[in-house]
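> My questions will all concern the structure given below.
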Amino acid sequence: QNKGFSKLFRALSVLSSQFFHCLPVFCLINYVVLVSFTCVSGVLGVSPVEIEQHLEMGRKLLAAGQLAEALSHYHSAVEGDSKNYLTYYKRAAVFLAMGKSKSALPDLTRAIQLKPDFLAARIQRGNILLKQGNTQEAREDFEAVLLRSPDQEEAQNQLHKAEELEELQEEAHKAHHRGDYTTTIQVLDRVIELSPWDPESREMRAECYIRLGEPRKAILDLTPAARLRTDNRAAFLKLSRLLYDLGEHHNSLSEIRECLKLDQDDKECFAHYKQVKKLSKQMDSAEDLISEQRYQEAIDKYESVMRTEPNIPFYTTKAKERICFCLVKTKRLELALDTCSEAHQRDPQNIHILRDRAEAYIQLQDYEKAVEDYQEAREFDQDNQEIREGLERAQKLLKLSRKRDYYKILGVSRSANKQEIIKAYRKLAQQWHPDNFQSETEKKEAEKKFIDIASAKEVLTDPEMRQKFDSGEDPLDPENQQGEGGRGEWPFGFNPFQGGNFHFKFHYN
């Protein structure tokens with residue numbers, strides 16, 4: 001080192017004569033001392049006292065659960081002394097506490113290389129290898145421990161588990177090879193219990209679930225399996241496709257992005273990514289349009305969804321369901337019934353489709369069918385408040401329709417505006433005015449009709465009364481007029497056609 005510093009000093013002297021002749025001599029000496037000190041520090045590394053301080057801080061932070069901070073101190077300790085087997089072992093313990101078993105393995109291996117008779121490190125490494133499904137190497141570690149310490153109980157138990165795991169793995173592969181997927185799953189349940197970090201076992205069980213038509217269970221296995229390998233693009237792609245087929249396009253998009261993070265040029269992943277991204281964007285846009293009450297644009301967007309993905313039943317059914325909703329909102333009731341019914345055939349237990357079709361029936365004044373749809377929806381979800389309230393309203397309207405339906409009396413739809421209602425009233429009032437009839441029988445029938453027409457006009461042109469009627473309550477029914485004294489059948493409180501030979505001239509306003 002002294003020779004090296006001498007050479008460095010001579011070189012700097014030459015440079016100083018050429019470039020630094022104008023600087024004071026003491027500046028050059030200070031520079032040389034600074035460089036020399038840096039070189040010495042780099043050669044000697046961290047002092048033993050500093051290493052011990054890092055280890056102590058790491059221990060305290062680990063005990064306090066501050067794992068990332070503890071790891072930082074252990075990194076510094078390892079860099080300061082790369083020959084201390086205990087430092088590697090302690091850092092491995094932090095990695096394990098953080099759930100990073102892959103990172104812990106190299107440290108345990110290094111600790112064993114530095115001290116081959118370090119049995120605690122061998123047991124720890126054997127446990128990790130066993131959980132990863134690597135039975136051969138795990139067995140070698142446990143056997144090495146037992147060779148030095150035959151009575152080591154943990155090593156004995158883990159060796160038995162390693163032997164059991166080997167037998168189960170072979171049994172699972174045989175059952176899978178002969179196509180017995182149910183047995184394979186049963187065997188793999190125990191395999192995965194012993195080796196939860198083994199991606200191969202989870203992928204095999206996922207495949208069995210897929211073949212048995214249980215994709216959601218397959219997803220539960222593929223989700224961790226995809227992350228147990230360093231580069232598992234195939235698992236991410238399969239996981240994304242399963243989620244996509246189930247209609248979970250947002251989750252599907254997240255998983256396929258994980259594949260592209262590993263390799264942005266992966267052709268299969270990129271092709272699937274483009275499809276999922278396009279469809280997901282269309283569906284999100286359609287829902288935004290519905291929230292903005294832009295129903296026709298939402299219908300157009302959902303029709304685009306069906307063109308983008310015509311092969312996965314979920315998306316066609318979902319599009320039909322939402323188009324049904326939009327058609328009801330825009331009062332295109334006959335078309336709504338057709339679309340809702342088609343969606344109902346595709347998904348018979350979908351309460352939203354039944355609700356929307358029931359609302360279309362209500363607007364068409366077919367209350368019996370509305371009640372039937374709400375009752376069917378209630379069977380599938382008895383706790384849904386919206387369905388319960390809808391059923392109660394439909395039942396009230398059905399009961400009311402069997403008494404007196406003001407919309408039917410005037411011959412207008414439930415969506416008619418005030419101008420349409422008044423126009424219908426004037427036409428019917430003129431037609432059924434009692435003065436237009438001669439015989440007593442005809443006059444009495446006309447009087448009844450005229451009263452009903454006037455009542456209908458009063459209720460349907462008054463927003464508050466109309467709202468009550470639409471909710472299934474007759475505001476002119478004496479039973480519903482609490483504290484009002486009851487106005488009977490005549491909306492103005494008396495019947496001008498009863499008693500005396502009076503004649504009235506109506507202006508139909």
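In case you wondered, yes, glycine gets a Cβ from its N, Cα and C as well.
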> Please identify the range among 193-233, 275-315, 316-356, 357-397 that TrEMBL labels coiled coil.
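Result: 357-397 is the stretch TrEMBL calls coiled coil.
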> Report, as numbers and ranges, which residues of the same chain sit near the repeat 'TPR' (119-152): CB under 8 Å and 6 or more residues beyond its ends.
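Distant Cβ neighbours of the repeat 'TPR' (119-152) are 85, 89, 92, 96, 101, 104-105, 108-109, 111-112, 158-159, 161-163, 165-166, 169, 191, 194-198, 200-201.
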> Looking only at residues six or more beyond either end of the repeat 'TPR' (85-118), which have a C-beta under 8 A from one in the stretch?
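That would be 51, 55, 58-59, 62, 67-68, 70-71, 74-75, 77-78, 124-125, 128-129, 131-132, 148, 197.
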> Across the domain 'J' (405-473), what is the average pLDDT of the model, as a whole number?
89
